[in-house]
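Visitor: According to TrEMBL:
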{"type": "COMPBIAS", "residues": "202-235", "note": "compositional bias 'Basic and acidic residues'"}
{"type": "COMPBIAS", "residues": "237-259", "note": "compositional bias 'Polar residues'"}
{"type": "REGION", "residues": "202-259", "note": "region 'Disordered'"}
{"type": "REPEAT", "residues": "26-57", "note": "repeat 'WD'"}
{"type": "REPEAT", "residues": "460-492", "note": "repeat 'WD'"}
Amino acid sequence: MPGKTSWREEYQRLIEGTPVVETEEIHEHNHQVLHVSFSHKGDMFATSSKDGYIIVWGSSYPAEVKYYRDMKLHSWKYTQFSQFNSTDTLLLVSGVHFGSCSSTSGEIAVFNLERDFQLQCRVLNKPYDIFGTWYNDQYLLSGELHWLAHLVSTSVIWLNKAKQENSSEHQAIISRLYKFYNRNASSVRTILVANCLIPDTPKESSEAPERSENKQQRVPEVMERGNPPSHRELSVHQVSITEEQSHRPSNSQRPVYTSPITYTKDYRESETVIEDMEVERPKNTSSEEDGMLEWAEDGEFSPPMSLAEDRDKFLIFTTGSKTYSPHQIGFKRIKKLDYESVADKFDTIDHLIDLNGHIIGMGLSPDHRYLYVNSRPWQANCVIENPLNPPRIAEGIDLHVIDLTTLTEVGTMLRSHKAYTPNDECFFIFLDVSHLYVASGAEDRHGYVWERHYGVCLSRLPHKDVVNAVAFNPRDPEMLVTVSDDNKIKVWRSRRRARELGVNLDEVRMARELRISHPRPDQPLQPAEAPISPEKGVQKLLAPVKIYTSPHAFGAWLPGITRVATYLDLGSLHYFENFETP
């Protein structure tokens, strides 16, 4: 890793600093737990569930309930998503309204964490899988869908003030931000906001595979498992799957997925360039550094409905053009706008990246430089003849890494983890990114943790059902929370943190760590060129070479100068032993 000088310290970090110790198993929810999010200070996390509750926990050991609210009292079917604002004073909670099975109506509620979890505002959100997101510390974004004709609609993104104008929480202060044209039953959903790290340029990017005024339509949810999308019933019919494919394999049948993240040369070069800036980043990060804008201390905006900000932002969302299934990531730069001049116009999407698959989750790196995306790819060379009948999706989940300064894909992990549901039952699998690690849920009853720089899969975190979401503590990446359809919340800490808390490692469950100490017998060992000794010069290789998969790029002589390990850029570790000294 850039900036690191000791392979021994790196090895120790991966063993001691990875969250693999299950320090707590929490059973507070009585239904599937769909999402988890951390406060920016790392002292709280919030969980959403199909039992209709939003629960805020203290992240100390052991975790304890700080606040909770039963949203069924507000005509919600269940809670599905939450997000803290930049100062951790407000909590955005997104949920699904009660209604018919074809209803896609949702709502966003904002709770004040400084006033005993007081309900501060409620905002319509349709379809519900737009989720909603904070624009800054006091404003949030929501969405609304309007049908114009068969398969044609418009998605409106609204800017909402989190504090009400009067005593009623039902009347929000809103202004329209964007209006996008959608076709082929597609629509905007899963919105995120990221800081723009590069200046605006008038030149259009050539990277977008398809420029779109695309749109996806909402399908009502009928699925019983996981966190489902709103477009479920749009499909005319689904490609049938065999009975064998329709069932998840048992734990004993599941293979171990250790695919590494393969990064491009551009990513490696940019990683080296920004490393110095990141190591200088102070731990007590300010709100601006956390990706939010600086606002007046009294909480009032000036002017309240303008975007008069020094820093542009990216609105990031999933959408489509070929089918209702979200297969594209859209980017729209948010800057100062004259609302009157665009009041009756559609807004064009600045850039599109087509992943040719069903996008089921997105997460930003802490510095807002990279976007990590979970996607279930379509069959190769598929032809879409009916937008209401998308191609069959793969059982594996691909992970894509997109550089937001160039809007290009700089990393890929194919079939990184498993999913078994077909198109009409596909649901969201949320991932999270820290400075050191990437984690994701999966349908194979495990969460997964990868080392972000090296790209290797470090561990699998077991549950008894689908793992819907994961979240790192932003102030301590050695703490991770996973939530699952088994109704449980699990808190994972590193060995180091567990010992600091007085946890006996012999009495707790551990994640399955994925270390390869010997090559598989079915893989032939290939010799390679002998390395250069810093003291003896070229050594003659006498023994076979053991090859391991790992995207490291350095070498180290082991004690005795009779063994050496060299890490290659191509992602393989060559281990030599029994050298003859010339």
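Keep in mind that glycine also has a Cβ here, set from the backbone N, Cα and C atoms.
What's the neighbourhood like for these features in this structure?
Guide: Nonlocal intrachain contacts for the repeat 'WD' (26-57), taken as residues 6+ away from its ends with a CB within less than 8 angstroms of a stretch CB, comprise 63-72, 76-84, 86-88, 91, 93-95, 111, 113, 117, 225-227, 285, 287, 290, 428, 430, 465, 468-476, 479, 481-491.
Mean pLDDT across the repeat 'WD' (460-492) comes to 97 in this model.
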Visitor: Under 8 Å between C-beta atoms and at least six residues away from its ends: which parts of the chain pack against the repeat 'WD' (460-492)?
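Guide: Those are 17-42, 45, 47, 49, 57, 59, 63, 225-227, 256, 283, 366, 427-437, 439-443, 445-449, 509, 511-512, 514, in sequence order.
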Visitor: Report the DSSP secondary-structure composition of the repeat 'WD' (460-492) as helix, strand and coil residue counts.
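Guide: Secondary-structure composition of the repeat 'WD' (460-492): 0 helix, 23 strand, 10 coil.
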